[in-house]
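Here's a structure for you.
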Amino acid sequence: MGKSRAAAPKRTETKLKTKSAGASKRTSKKAGKDPNKPKRPASAFFVFMEDFREKYKKEHPNNKSVAAVGKAGGDKWKSLSEAEKAPYVAKAEKRKVEYNKNIQAYNKRLAEGTNGADEEESDKSKSEVNDDDEDEDESGEEEDDDE
C-alpha cells in the first residue's frame, strides 16, 4: 500500500508540468496590441455608469467598495424605463459613430502602411544613429584639443 501512495504524487506532478508547458505556448502565440488603435466605444450602460458613479460618490462619500457601486448601478439601470435610458443610448450611439469613423481612418492608415508607431520607431532609430555620429565627432574633437 505504501508504494501506491508514493506513486500518486508523481503522477500529479507530471500533470502539472504538462499543463504549465501548454499554458506558455498559448501566451506566446498572442499578438501584441497596437497602442494607436482606437478604443471601442462605451455601451449605453457604461455611459450611464459614468454619471451614476459621480452621484453615488456624493450620496455615499464613505463607501470605498467598487463592487457596491457597480451593484447599485446595475440595479438602477434595470429599474430605468426605456425613456429614461434614451439619453444614454443616444450618447452611446454618438460615440459609436465617432468610433466607426476613427477605426476606418485607422484601417486606411494600416492599409497604406503608414502607422504612427512605425514612424516613431524609425525616428528613434535615426536619432540613435545621429547620436552615435555626434559621439564620434565629440571624441574626435577632444583628440584635436589635446594635440
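Cβ atoms are placed via backbone N, Cα and C, with glycine included.
As annotated in TrEMBL:
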type	residues	note
DNA_BIND	38-107	DNA-binding region
COMPBIAS	73-88	compositional bias 'Basic and acidic residues'
COMPBIAS	130-147	compositional bias 'Acidic residues'
DOMAIN	38-107	domain 'HMG box'
REGION	1-43	region 'Disordered'
REGION	57-88	region 'Disordered'
REGION	106-147	region 'Disordered'
With helix taken as DSSP H, G or I, strand as E or B and everything else coil, how many residues of the compositional bias 'Basic and acidic residues' (73-88) land in each class?
14 helix, 0 strand, 2 coil
Mean pLDDT across the domain 'HMG box' (38-107), rounded to an integer, is what?
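Summing pLDDT over the domain 'HMG box' (38-107) and dividing by its length gives 95.
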